[in-house]
Amino acid sequence: MTTRKTGSSLQLLGKITGTKAGTKQKKMNFINGLIWLYMCVWMVHGKVTQKDELKWNKGYSLPNLLEVTDQQKELSQWTLGDKVKLEEGRFVLTPGKNTKGSLWLKPEYSIKDAMTIEWTFRSFGFRGSTKGGLAFWLKQGNEADSTELFGGSSKKFNGLMILLRLDDKLGESVTAYLNDGTKDLDIESSPYFASCLFQYQDSMVPSTLRLTYNPLDNHLLKLQMDNRVCFQTRKVKFMGSSPFRIGTSAINDASKESFEILKMKLYDGVIEDSLIPNVNPMGQPRVVTKVINSQTGEESFREKMPFSDKEESITSNELFEKMNKLEGKIMANDIDPLLRKMNKIVENERELIQRLRPLLDLKKTAISDDSFQDFLSMNANLDRLIKEQEKIRQDAKLYGKQTKGHDEIFSKISVWLALLIFIMITLAYYMFRINQDIKKVKLL
């Protein structure tokens, strides 16, 4: 009996020891999982520089969820909606099938100089087709809004929604929607202004979504997924008088997909990671579409971008074909009426010419008679003027000859007079010399 009791005691001790060892192993696995998860968060999220630390608005950011002990006190700035709960240092928005959850910042935020929002999130537990998704919000409106749109807002929201969901044709993607609150937003048909492909489902490593808005840089709106630029634009302006509500929401449809939020930081400015250049852009696959001509039945294949279904671009060949069709239709529909109008105009012109021809002939004959009489009188006047001009010319010649003879006589007389004057001067000189000589002789 003693031996049996000792054996049973040893078996019981072994079971207790095994149970304790299993419990310790589970705790170790849990702790190792948490350490691995937050090491991944640290690697993905990166380090905050001193300049970024000054811009960090801690009052509008989530605290360190691992250190939260009193949710009512430390999370008083946040509203937890539907099934969301805090587990093991992270918010689980969809803890089970057919669940939804949301996380909203209670105080509204006004954009002053610039803004940067960083969300660290993870999708875990499911990969495949689903109608669920994870949405990030920056909107204006009432806090008591409905949750029909991915568990976060009504379809008539006013603001920006960034949505992560799985498209049936293209796979996991990120799309950005704008709405002004006047019409319902339909995910299947409403246009989005930007998009990119991004794999997020069933990932052990968390991802970081960084949204930057800088009004001072010509209203730059930039979205980065794990430090890679998803899109950037300067055509969106958020400089309104109303502040914005910031939050996130998710719905998982009938799947076990668990959407989790690990961190959220808001900066009153542009941080250094927002300025990372787009060296390695997020790639976009090509989609081949078969096009069948409805008239000829001819099949052709066309390659296009995956997000060009709603606003499809037209190639040059398609544009040329459409221009040819348009030209043919114009020629077929408009040539006959134009010809009729032209023929009618020509007939009207002919009739007008026939009516004007008699009037023109009568006026032409009257003008010709008067012109002929004027021409005859002008001819007679010209003859008279020519005769008078000829007479004047003859008189001028005769007068020229007479004046020329007088000039010759006057020139000859002038020569003789000059010679006579020279002789008289010479004689006077000699007479003067003779008188002088006579006076000298008398004095002697």
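The backbone N, Cα and C atoms fix where each Cβ goes, and this holds for glycine too.
Note that TrEMBL annotation is computational and uncurated.
What you see is a predicted model, and the numbers here were worked out from it, not measured in a lab.
Among the candidates C40, C230, the disulfide partner that TrEMBL records for C196 is C230. Looking at the domain 'L-type lectin-like' (52-269) alone, the prediction's average pLDDT is 89. Between the disulfide-bonded residues C196, C230, the minimum number of other C-beta atoms within 10 Å of a residue's C-beta occurs at C196.
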